[in-house]
Amino acid sequence: MRTGAAPPASMAVEEEKVAVDGSTNGYAAAVVTVSSAGEQRQLDAGALFVLKSKGSWLHCGYHLTTSIVAPALLSLPFAFASLGWAPGVLCLVIGAAVTFYSYNLLSLVLEHHAQLGRRQLRFRDMAHDILGPRWGRFYIGPIQFSVCFGAVIGAALLGGQSMKSIYLIARPGGMMKLYEFVVIFGAFMLILAQIPSFHSLRHINLISLMLCLAYSACATAGSIHAGHSSTPPPRDYSLPSDSQDRVFGVFNAIAIVATTFGNGIIPEIQATAAPPVTGKMFKGLCLCYTIVVMTFFSVAISGYWAFGNRAQGTVTANFILQDGSILVPKWFLTMTNVFVLLQLAAVGVVYLQPTNEVLEGLFADPTKDQYSTRNVVPRLIFRSLSIVTATLIAAMLPFFGDLNAVIGAFGFLPLDFTVPSVLYNITFKPSRRSFIFWLNAVIAAVFSMLAVLGSISAVRQVALDAKTYKLFADI
């Protein structure tokens, strides 16, 4: 659904011109975006090296799918356990509809500015140009960085959990600890983190798309198999009896759903599209949300049906009972965990891109070749430090479900539900009597309140669980 129209291309023409300096062996010394009015600006090394604009709408679709349809969706039955059937399904429908609409609004704003000759490549660029410099520097920028780096931490933690599950299936009673697997997975991510640009991930993200379909199908089939087995797990769909726990549980579940639909890097993904960008993100979103509908609803409904309010932080954890018996064949559970493990590496690297872009902007030299020693050495050092830091935090704080909720409430709810509506209304200035103005205003107001309440609930849950966990705990 396209909710607005950018000005016709005839109003402004965007061209990319490359100034070549012979001293850099023919490489671009600077890239300048030129509008028909003669406006120009030089790109920094972060935008020039990490956010290369060479992709098609299919590539945008691959990036979108990897960033949204990630293993966090395996937490949806856990969210349903605090919501119940009807509210749970309703939250999924609203989450899908609002995020598709909001991401489309962001795309329209980006297209509008691109056709006016000032293409915005980063979320903080949008905030700087539309809301003012302070919003980009002190609000959008820090929140986006926190959310994205938090997603890298979550990927490292869940990757370690998946590796440990595979290990325990092969060697029941094995003595290796969770943090050891987190470190091993972190080493794998460290290698992938050296891939130079966002656009370079397009083939990895195509594989990621197929992997998310695979493990979602496995999770759904496993839940159905467990529910129809000769000794099915006990099912109870009742909600907590304590009213306080029930209320906080609802807001915590909303935060988990928000995280599952969250993206936070729409401008950076659209930045990878080659000009002209008009319509490319909409096609990419259609591809992505086709996968969303196929995976989110099947995993959430089948997992909650099979395990009720005993659904754990990830539904695959329910396949292994406390006595060590497994509700599905061992090879099937191993295969599912391998699919999850492989896609987590792609998810972690995708969400590392805003960090990479900042680091390249600080330490790389845009007048030198991207693969020169001057730029390769700091890239290797600082990207490696980023992964080491994320891996260390993941090993220290091993409660992914709670971390998931905090990320969603603190970052994804404002960035993906509230900010797009505000940016659209400021950019296109729809009439205050129009339906779209009030729809955007209501979305911004409602999800701002949910962000505050969800943050309180998520932090409360972390505080409660912190009493039972310790640093580097083996869970």
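Glycine residues also receive a Cβ, built from the backbone N, Cα and C atoms like all the rest.
In TrEMBL, annotation is done automatically, which means it is predicted and not curated.
What TrEMBL records for 54-459 is domain 'Amino acid transporter transmembrane'.
The list of residues near the transmembrane segment (61-80) in space but at least 6 beyond its ends in sequence, with Cβ under 8 angstroms from a Cβ of it, reads 55, 88, 91-92, 99, 154-155, 158, 162, 198, 201-202, 205-206, 208-209, 212, 215-216, 219, 223, 253-254, 256-257, 259-265, 269, 272, 283-288, 291-292, 295-296, 299-300, 302-304, 307, 311-316, 318, 340, 343-344, 346-347, 350-351, 401, 404. Summarising the annotation, TrEMBL assigns transmembrane segment to 61-80 (among others).
Residues or ranges marked as transmembrane segment in TrEMBL: 86-110 (among others).
What TrEMBL records for 138-158 (among others) is transmembrane segment.
The list of residues near the transmembrane segment (178-195) in space but at least 6 beyond its ends in sequence, with Cβ under 8 angstroms from a Cβ of it, reads 152, 155-157, 159-164, 167, 201, 204, 341, 344-346, 348-349, 352, 356, 379-380, 383-384, 386-388, 390-391, 394-396, 398, 472-475. As annotated by TrEMBL, transmembrane segment applies to 178-195 (among others).
Sequence annotations record features per position, and here TrEMBL assigns transmembrane segment to 207-227 (among others).
Annotation comment: TrEMBL describes 247-266 (among others) as transmembrane segment. Within the chain carrying the transmembrane segment (247-266), a Cβ under 8 angstroms from the stretch's Cβ atoms is held by residues 64, 67-68, 70, 72-73, 75-76, 78-83, 87-88, 91-92, 95-96, 99, 103, 106-107, 110, 123, 144, 147-148, 151, 239-240, 281, 292, 296, 350-351, 353-354, 401, 404-409, 411-413, 415-417, 450, 453-458, 460-461, all 6 or more beyond its ends.
Within the chain carrying the transmembrane segment (286-307), a Cβ under 8 angstroms from the stretch's Cβ atoms is held by residues 57-58, 61, 64-65, 68-69, 73-74, 76-77, 79-81, 85, 88-89, 92, 96, 100, 209, 212-213, 216-217, 219-220, 223-224, 226-227, 232-233, 235, 237, 260-261, 315, 318, all 6 or more beyond its ends. What TrEMBL records for 286-307 (among others) is transmembrane segment.
Packing against the transmembrane segment (331-352) from elsewhere in the chain are residues 63, 66-67, 70-71, 74, 148-149, 151-152, 155-156, 158-159, 162-163, 165-166, 169-170, 185, 188-189, 192-193, 195, 198, 201, 204-205, 207-208, 211-212, 214-215, 218-219, 222, 264-265, 316, 319-320, 383, 386-387, 390: each is 6 or more residues past its ends and has a CB under 8 Å from a CB in it. Under the heading transmembrane segment, TrEMBL lists 331-352 (among others).
The transmembrane segment feature in TrEMBL is assigned to 380-400 (among others). Counting only same-chain residues 6+ beyond the ends of the transmembrane segment (380-400), those with a CB under 8 A from a CB of the stretch are 149, 152-154, 156-158, 160-161, 178-179, 182-183, 185-186, 189-190, 193-194, 313-314, 348, 352, 355-356, 359, 363, 462, 465, 469, 471-475.
Same-chain residues lying 6 or more positions outside the transmembrane segment (406-424) and placing a CB less than 8 Å from one of its CB atoms are 3-4, 98-99, 102-103, 105-106, 108-109, 123, 126-127, 130-131, 140, 143-144, 146-147, 150-151, 154, 251, 255-264, 266, 439-441, 443-444, 447-448, 450-451, 454-455, 457-459, 462. Positions annotated as transmembrane segment by TrEMBL: 406-424 (among others).
Outside the transmembrane segment (436-459) by six or more residues, the chain places 3-4, 98, 101-102, 105, 248-249, 251-252, 254-255, 258, 402, 405-406, 408-410, 413-414, 417-418, 421-422, 424-425, 430 with a CB less than 8 A from a CB of the stretch. According to TrEMBL, the feature transmembrane segment maps to 436-459 (among others).
Among residues of the same chain six or more beyond the transmembrane segment (138-158), those with a C-beta under 8 A of the stretch's C-beta atoms are 70-72, 123-124, 126-127, 131, 182, 185-186, 189, 262, 264-265, 314, 340, 344-345, 347-348, 351-355, 358, 386-387, 390-391, 393-395, 397-398, 400, 403-404, 406-407, 410-412, 414-415, 419. Same-chain residues lying 6+ beyond the ends of the transmembrane segment (207-227) with a Cβ under 8 Å from its Cβ atoms: 62, 65-66, 69-71, 73-74, 77, 233, 235, 291, 294-295, 298-299, 302-303, 305-307, 315-316, 318-319, 327-328, 332-333, 335-336, 339-340, 342-343, 346-347.
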